[in-house]
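> Below is one structure. I have some questions about it.
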Amino acid sequence: MAQAQQTRESSALSSCEAYFEKVNSRKKLPQPLQETLTTAFARIPVSSFPQVPAGKVIEIQADTTVADAVKVLSECNILSAPVINPDAATSMNWRERYLGIIDYSAIVLWVLETAEVAAVALSASTATAVGLGAGAVGALGALAVGVTGPAAVAGLTVAAVGAAVAGGVAADQASGGDAPAAADNLGKEFYKVILQEEPFKSTTVKSIVKSYRWAPFIPVATDSSMLSVLLLLSKYRLRNVPVIEPGNPELQNYITQSAVVGGLEGCKGRDWFDCIAARPISDMGLPFMSSNEVISIQNDDLVLEAFKRMRDNHVGGLPVVEGPSKKIVGNVSIRDIRHLLLKPELFSNFRQLTVEDFISTVVSTGQEIGRVTTPITCKVDSTLGSVIQSLATKRVHRIYIVDENEVTGVITLRDVISCFIFEPPNFFDNYFGFSVKEMLNK
């Protein structure tokens with residue numbers, strides 16, 4: 001067991017090392033310039049970075065329900081928030097005060113698993129009609145669909161779901177259909193299960209954070225260097241970095257990848273930035289993946305498949321393509337899961353909802369028209385400055401490189417930040433230490 005854990009930890013950090021090695025081997029910036037930039041960022045204190053809007057970090061209590069957490073994220077137009085332990089809200093120790101970070105990635109994992117468990121419950125109700133116990137069928141069915149996380153207690157959980165839907169789900173009990181077939185009959189009842197019925201109605205942020213940890217809570221101090229933050233947001237794959245001040249229980253700031261790229265855009269007009277921004281993206285080695293590594297989704301695929309693909313590949317968004325030529329026609333991101341949860345009346349047949357229909361429905365509500373319908377693209381000869389401007393002004397997390405409307409690459413916020421720095425020798429051990437390495441491997 002210990003050996004398997006060490007292997008996973010080694011794999012996690014090895015992936016970060018491999019990514020950053022590729023980045024630095026492909027960049028064509030003069031070495032003296034790279035060193036100057038890295039040294040400059042190492043001298044800038046984190047306290048100098050602009051504050052979050054309104055000057056206060058939005059936090060979510062651990063005992064908040066998932067549905068209410070989604071509302072907070074959506075209304076505040078944020079992708080994630082630190083989770084406070086209500087039993088240690090006044091603690092001066094951040095390890096006790098904060099349980100982690102809740103984001104759309106974790107919520108997607110929960111929704112997908114909930115859908116699978118609810119589907120099994122339908123099969124359980126069908127099997128119960130022919131003399132099998134819901135608990136027994138639930139345990140077998142959960143294994144069949146690969147359920148993990150909280151539903152690992154499969155028999156108990158699925159039996160509970162079965163009890164919740166027994167009186168309200170219109171399933172063809174005479175057909176003896178399997179879980180996928182039963183799932184197609186879910187419709188509105190799925191939302192009734194996860195938003196109105198137990199045990200899912202009472203699912204709290206705390207259980208999501210503990211079971212579906214996507215991003216660890218790794219803070220930096222106000223007197224740390226911005227180089228530490230940039231490395232965490234690029235090489236080490238974090239999407240946000242909380243900022244703490246020793247002796248103060250409240251977070252001082254919450255630095256995201258988007259905020260950093262927005263800060264870079266604000267450097268326009270400074271010699272060092274203009275020098276780099278004028279270079280074509282190819283000089284920076286972008287994109288960092290080949291065209292056959294681009295993960296996309298066809299517009300006639302199911303929208304749940306899109307979210308599963310994001311989950312399985314640990315990516316935050318996919319280009320929506322059409323036909324064999326893979327012409328890009330749209331974009332779907334992990335934050336779009338909120339539409340399924342906040343507007344259930346619009347997606348009653350979500351198990352059969354295609355990506356195209358999902359986008360059309362979202363657009364019909366007047367929300368997210370620019371972000372959902374129009375994919376942000378660039379050409380292979382575009383400058384780094386134009387890419388940064390598009391990411392910052394359009395407030396998106398990725399830009400697609402196209403050749404005659406076919407996607408040939410993707411540039412993410414992480415990629416852009418990586419272009420400006422490298423990691424000095426022994427920096428990780430000297431400034432992050434063992435505890436951070438341990439958290440990054442969780």
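Keep in mind that glycine also has a Cβ here, set from the backbone N, Cα and C atoms.
The structure displayed is predicted, hence computed values, not measured ones.
For reference, TrEMBL lists these features for the protein:
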type   : residues : note
DOMAIN : 51-117   : domain 'CBS'
DOMAIN : 289-348  : domain 'CBS'
DOMAIN : 371-430  : domain 'CBS'
> Do you know the mean pLDDT across the domain 'CBS' (289-348)?
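Per the prediction, mean pLDDT sits at 87 for the domain 'CBS' (289-348).
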> For a three-state summary based on DSSP, what are the helix, strand and coil counts in the domain 'CBS' (289-348)?
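Residue counts for the domain 'CBS' (289-348) by secondary structure: 26 helix, 16 strand, 18 coil.
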> For the domain 'CBS' (371-430), give the DSSP counts of helix residues, strand residues and coil residues.
24 helix, 16 strand, 20 coil
